[in-house]
Structure formats: C-alpha cells, structure tokens
Amino acid sequence: MNLYCIIFGLIFLAAGAAFFAGLTPGWLNVWQRMSEREKSKIRIDRLSRNIGCVVGAASAVFLAAGFNPAFHHTAFMWCMIAWFILTSLDIAFINHSGWYKSE
C-alpha cells in the first residue's frame, strides 16, 4: 500500500463529494466576491456536479494506486495522463457549450 496515494485519494474523494453535492460554491472566495449579476449567468449546480465527477475520477485513480502496488507501478502514470487529457477536454466543453450558462 502506498500511504500517500491513499491519503490523496481520500482527500480528492471528500472534495469531489462536496463539489458534487453542491456544498463548495459558498466556500470559494471567487464565488463570494462575484456580483449577483455574474452569478445569475452560471448554472452552478451543473458546474459543481461536473467538477465533483472530475475530482472523483482522480480520487479513483489515486485510491487504485494506493491499494494495488501493481497498478501503481504500471498504469498509474498512464491513467493520470489520460485524466489530464480528459479534464482538458472537459474544460474546453465547459467553455464552449451553453450547458453551464443560464443566459
């Protein structure tokens, strides 16, 4: 077992669950300082669920690496590269789709 991967996996799991449940926007300093007009343009519930899923996927990779030494030595790096690529595509989708905008 790799203790660091397990700890990071649990932290990411808690953060992903908090985002997915919609608990985190009130804690974010940027969200607190944003005007009500700007807040009304964003569908924060959909965006929070999306972020929660992305962070939860990272959690799954870290927990798999922590509990399975064979995964840590063979597939961990490739899974993280795939996670970065898919997260980049997700960010591009968020920026270009109207799914997260309420205008």
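Numbering starts at 1 and runs along the chain as it is shown here.
Just so it is clear, glycine is given a Cβ too, placed from its N, Cα and C backbone atoms.
Feature annotation from TrEMBL assigns transmembrane segment to 6-30, 51-69, 75-94.
Tertiary neighbourhood of the transmembrane segment (75-94): same-chain residues 5, 47, 50, 54, 57-58, 61, 64-65, 100, selected by CB-CB distance under 8 Å and a gap of 6+ residues from either end.
Distant neighbours of the transmembrane segment (6-30): 44-45, 48-49, 51-63, 65-67; these residues of the same chain sit at least 6 beyond its ends, with a Cβ under 8 Å from one of its Cβ atoms.
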